[in-house]
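*Asks:* Among the features that TrEMBL reports, transmembrane segment is placed at 20-41, 47-65, 72-91, 111-128, 137-155, 175-194, 215-232, 238-254, 261-280, 350-370, 382-404, 416-435.
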Amino acid sequence: MSSTAGLPKLKTRRGIEAWLLILALIVSIAAYCLVGLGVKGELPPNVYVYSGWLFVLAAFGHIVVRIRAKYADPVILPIAVFLNGIGLAMIYRLDLAEHRTGMASVATKQLIWTSLGLVVLAVIVILLKDHRLLRRYTYVSGLAGILMLLLPLAPGIGTTINGARIWIHVGPMSFQPGEIAKLLLAFFFAGYLVSNRDALSLAGPKVLGLQLPRIRDMAPLVIAWLASLGVLVFQRDLGTSLLFFGLFVAMLYVATERISWIIIGLILFAGGAVLAGMFISHVGQRLNIWIHALDPSVYNQEYGGSYQLVQGLFGLANGGLTGTGLGLGRPDIVPHADSDFIITSLGEELGLVGLFAILLVYVIFVERGIRVAIAVRDGFGKLLSAGLCFTIGLQCFIVVGGVTRVIPLTGLTTPFLAAGGSSLLANWIIVALLLRISDNARRPLDEFATGVLSVLPDDERSRKRDGSGPTEAVAQ
């Protein structure tokens, strides 16, 4: 008799996803149209082609999920489509200001990368039937992630842009391997921590009322700290260094549920920040820009000054509460307004209300990712989904905090919104993995046994049937 006999059939919730996708498309296409009306007083000449292609991409993603991951979370894909669409509209607006058309248009390139991202999503959802298969490649993922981080240092292909050596060039193509490295390292962290969390959870000495871990168990945290400092020293990439270390500390806390790991991580981070500010010129320069942004001598520096940051702040102030309206501001005054500072571009033309609405969408994305982590029963899936959604959340905080002068600028890009193919591709991979994990978490045991478990070896398959399959119904 089936293990689910007598239980009500679970709703797949694909109808909810379809309606949310329609809403996301309406808002995204409306923003695209408003940009044309605001800048030129007429609809963009390619509005029907653009709208049709965006609709095809969203429908393609929905159909793949409906067929291959029908129990997946219904909110994650619409959020990704919405953010991607809003980003395309703003990038197009900046293209118009810079008179970029055709293949020289950044929006056109971004749409191509969006298409590639949906194709990669489909490949992952179709081929990866069980996210736990990734655990087999824990150390391979870790090694590959480190190699990807080191790749820009290779002579001949590595390139320094804006002071950071994080790009590689192969022919006419450029790519930021650190975006893929963060995913590979998330796989490694999840696999390593789920295998060693018992040892990492053991209590050590008690200091000032805080139960610390054992000294010998602190080695992984110290290694992660040193590795993040290595990224900072050799690649001069403050953003990736902060994201890398923050991701490990967060996943370590999720694995052990010990607040002491966070406190130790913060102490190490503070110590590293002081050392970096004292001995690494690039970090010292960022700190100087942050503290003395409005100082004329800093603002007027020909290179490495605070001009970009201050112009972004002026743009946010110009937007006020409700914004100037799409196409009616001057976000193009800010250097790199379509990538590093796309948040200030949106804040100027959509205002504080519009910017808060976008940030709320990110909060919902992270919340859905946490739901997935709570719902899935296996430890690897919990850690991986928590790490992936934390990556998006931390990246948003670092970017928004940097452009609003809450923290120093780091050079990270806003997920889904900012121009950049490697970042966008990595974000769509995160969406695909969260969809796969959420589908496995909600799938009934009988379907799980005949579908997902069929790809596992016989011994592991029988062990999963005995008690580590997904829940019957969770996180509605």
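Glycine is treated like the rest: Cβ placed from N, Cα and C.
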*Asks:* Any contact between the transmembrane segment (238-254) and the transmembrane segment (382-404), i.e. 3 or more CB pairs below 8 Å with pairs at least 6 residues apart?
*Replies:* yes
*Asks:* Do the transmembrane segment (47-65) and the transmembrane segment (382-404) come together with 3 or more C-beta pairs under 8 Å, pairs six or more apart in sequence?
*Replies:* no
*Asks:* Could you tell me what the rest of the chain brings near the transmembrane segment (20-41), counting residues at least six beyond its ends with Cβ under 8 Å?
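*Replies:* Distal contacts: 47, 50-51, 54-55, 58-59, 62, 74-75, 77-79, 81-82, 84-86, 88-90, 92-93, 96-97, 325-328.
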*Asks:* For the transmembrane segment (350-370) and the transmembrane segment (111-128), check the count of CB pairs under 8 Å (sequence separation 6 or more) and say whether it reaches 3 or more.
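*Replies:* The answer is no, given that the two segments have fewer than 3 Cβ pairs within the 8 Å cut-off.
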*Asks:* Based on Cβ pairs under 8 Å, which of the stretches 111-128, 137-155, 382-404, 416-435 lies most in contact with the transmembrane segment (72-91)?
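*Replies:* Answer, by Cβ pair count: 416-435.
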*Asks:* Taking contact to mean three or more C-beta pairs under 8 angstroms, with sequence separation of 6 or more, is the transmembrane segment (416-435) in contact with the transmembrane segment (111-128)?
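*Replies:* They do touch: at least three Cβ pairs between the two stretches lie under 8 Å.
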